[in-house]
Amino acid sequence: MAFSNTFSLCSILMIVTVGVLVGFTGSSSAQLSTNFYSKSCPKVFDTVKSVVKSAVSKEKRMGASLLRLHFHDCFVNGCDGSLLLDDTSSFTGEKTAGPNNNSARGFEVVDKIKSQVEKACPGVVSCADILAIASRDSVQILGGPSWEVKLGRRDSKTASLSAANSGVIPPPTATLNELVTRFRAVGLSQRDLVALSGAHTIGQARCTTFRARIYNETNIDASFARTRQNTCPRTVGSGDNNLAPLDVTTPNTFDTAYFKNLVNQKGLLHSDQILFNSGATNSLVKSYSGNAETFNSDFAKAMIKMGDNKPLTGSKGEIRLNCRKPN
């Protein structure tokens, strides 16, 4: 998603053959399972959810931030926890890449989850899996759907600033074609794109990600634009980090208001409103806006599908003891 500051979560697509799609998820994703830790760490779900629930109760925005970390991790070289790595002498990590710098957040919560999980089952649960579980819990705690999380990912030993900056994470200025292309590149369909964009029903974005839209675009509700302009000055460098909710209606509840906003031309990011702009995705946006059951079902399926993107399994990678650094 053009996952902005929640997830610029704002931070997301061509004809792809079945053979190519198999290459994206591959046999490694088939090794993931919902009961992967049933014997080795049976308390993992309760442990993760306890920390997430505490963090979200203190700051509702944290749910969106944790969800966004999972997105931005999976879109760069697969769901391998690489986004969590701090810079080292041998590589520069992904935290300072354009889509993440000054916007990716929630790392301290991940640290706390990892600490608690390590107490329960030392050296067993990967940081990549923790992100997948925490994302599901964040959505559910804020009123959204739940789903069975497939687990068994291992953690990368390195990260890539250049990969994170390569355009694989769609920017908030993305066109519909760009969104479709980038999502297809990680095995996600146009329907998945629209469903996952619905994650912008929670979280906030920085002025710098929507300034051009509220001052220059015409497919925007005039009153909505004026309201956003009150806290996002036209001048670049002024108020760049001022925040606005991605969903102006129910910013802390995971629901279908995001899609209703798009129908009413109240999408905050260009990459949000482009989903309802006389294009191929209009009908699906309209459908989701009036049918929470369909949206929730499609969102859950798309999250599982995204989580299947090129995981490290078997003997690849490692189980990091500290999510910020390789062992």
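Along the chain as shown, residues are numbered 1 onward.
Using N, Cα and C of the backbone, Cβ positions are placed for all residues, glycine too.
Here is what TrEMBL records for this protein:
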- 1-30: signal peptide (SIGNAL)
- 31-327: domain 'Plant heme peroxidase family profile' (DOMAIN)
- Cys41-Cys121: disulfide bond (DISULFID)
- Arg68: site 'Transition state stabilizer' (SITE)
- His72: active site, proton acceptor (ACT_SITE)
- Asp73, Val76, Gly78, Asp80, Ser82, Glu94: Ca(2+) 1 binding site (BINDING)
- Cys74-Cys79: disulfide bond (DISULFID)
- Cys127-Cys323: disulfide bond (DISULFID)
- Pro170: substrate binding site (BINDING)
- His200: heme b binding site (BINDING)
- Thr201, Asp247, Thr250, Asp255: Ca(2+) 2 binding site (BINDING)
- Cys207-Cys232: disulfide bond (DISULFID)
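Annotated features, which come from TrEMBL, shown on the structure.
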residue: Cys41; record: disulfide bond; Cβ contacts under 8 Å, 6 or more apart: Val117, Ala120, Cys121, Val124, Val125
residue: Asp73; record: Ca(2+) 1 binding site; Cβ contacts under 8 Å, 6 or more apart: Cys79, Asp80, Gly81, Ser82, Leu83, Leu84, Ala128, Leu131
residue: Gly78; record: Ca(2+) 1 binding site; Cβ contacts under 8 Å, 6 or more apart: Asn309, Lys310, Pro311, Leu312
residue: Glu94; record: Ca(2+) 1 binding site; Cβ contacts under 8 Å, 6 or more apart: His72, Val76, Ser82, Leu83, Leu85, Asn100, Ala159, Ser160, Leu161, Ala163, Ala164
residue: Cys127; record: disulfide bond; Cβ contacts under 8 Å, 6 or more apart: Gly81, Leu84, Val110, Lys114, Asp155, Arg320, Cys323
residue: Thr201; record: Ca(2+) 2 binding site; Cβ contacts under 8 Å, 6 or more apart: Gly144, Leu246, Asp247, Thr250, Thr253, Phe254, Asp255, Thr256, Ala257, Tyr258
residue: Cys207; record: disulfide bond; Cβ contacts under 8 Å, 6 or more apart: Thr231, Cys232, Pro233, Gly239, Asp240, Asn241, Asn242, Leu243, Ala244
Between His200 (heme b binding site) and Arg68 (site 'Transition state stabilizer'), the C-alpha gap once rounded to whole angstrom: 10
Overall pLDDT for the domain 'Plant heme peroxidase family profile' (31-327), taken as the rounded mean: 97
For the recorded positions Asp80, His200, Cys232, Asp247, the one whose C-beta sees the most other C-beta atoms within 10 angstroms: His200
Nearest-integer angstrom distance between the alpha carbons (Cα) of Cys74 (disulfide bond) and Arg68 (site 'Transition state stabilizer'): 10
Which listed residue (Arg68, His72) has most other Cβ within 10 Å, given these are recorded positions: Arg68
Rounded to the nearest Å - Cα separation of Arg68 (site 'Transition state stabilizer') and Pro170 (substrate binding site): 13
Ca(2+) 1 site shell beyond Asp73, Val76, Gly78, Asp80, Ser82, Glu94, criterion: Cβ within 8 Å of Cβ centroid: His72, Cys74, Phe75, Asn77, Cys79, Gly81, Leu83, Ser156, Ala159, Ser160, Ala163, Ala164
CB-centroid shell, 8 A cutoff, Ca(2+) 2 site Thr201, Asp247, Thr250, Asp255, site residues removed: Ile202, Thr249, Pro251, Asn252, Thr253, Phe254, Thr256, Ala257, Tyr258
Candidate with the highest Cβ count within 10 Å, taken from the disulfide-bonded residues Cys121, Cys323: Cys323
Residue among binding-site residues Ser82, Thr250 with least C-beta crowding, 10 angstrom cut-off: Thr250
